[in-house]
Amino acid sequence: MAFHMATRYAHSPEDIKHFDTTKLRQEFLMEKIFNAGDILLTYTYNDRMIFGGVVPTESSLEIKLSKELGVDFFLQRRELGVINIGGPGSIIVDGDKAAMVKQDGYYIGMGTKQVVFASDNPANPAKFYVVSTPAHKTYPNKKLPFANALAKPMGDQQHLNKRTIYKYIDASQMATCQLQMGYTVLEPGSSWNTMPAHTHARRMETYMYFDFAEPDTRVLHLLGEPTETRHIALFNEQAVVNPSWSIHCGVGTTNYAFIWAMCGENQTYDDMDQVPMNELR
């Protein structure tokens, strides 16, 4: 088992005006999220979110972070959200085991001492996408089946953005310290997500793109200030960090899905500032 946690630092809007393609990708793109038998994480200084992939195969896996976070165990002062995008597996949370099929989620509160990830079949391993944010209070652990996710249809075919937003961890459904998490699925024939664009200065957000309709599907993710945008070309199962001052939207060559996760000082999902189309540059 390999464990690796990369670090991404925070940037001001002025910084990326001078980034070339290579530098932009180095600072905001996570090219490898899932690798069989490994735990691959990224720590971003944007609201101190940790995110990444856990892919157990023959053996179960456990995230063990202590010195890196100045704590005795990983979730001593953090909460954790999980969504499985792979084969069937399970999570053991302080001794309580829960089956996790594809699209199932889980919320794990501060103070949980042990979280163990396992796959039912090593040849078709579970792929657990995990997101952790700082916490100040313990909220109950809760399995989040896909069937219970709050579905919100958005967009239309005329604007190439017909999609459904599935809210797993959302303040309207459950209490957390700051974590919000869910995923969005675009319908065939649609390619745009989160367009018209918006910003939310009180929260940062990560996008992890996956379930591309075709092997050669690519997504161009847009970020930056509305009047100073940049793009990053993404492959399947890659993630991008969006600072709170940045737009975050994308367009694909076919349809796709992405997991979004947010944290910051405001949990109101609709607390956002819409960007008029004529202001985009």
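Numbers run from 1 along the shown chain.
Cβ coordinates are placed from backbone N, Cα and C, and glycine is handled just like the others.
Here the structure is a predicted model, which means the values were calculated and not measured.
If you check Swiss-Prot, you get these features:
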BINDING   His198, His200, Glu205, His248  Zn(2+) binding site
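Annotation for Glu205 (Zn(2+) binding site): same-chain Cβ neighbours under 8 Å, separated by at least 6 residues, are Asn242, His248, Trp260, Ala261, Met262. According to its DSSP assignment, Glu205 (Zn(2+) binding site) is in a strand.
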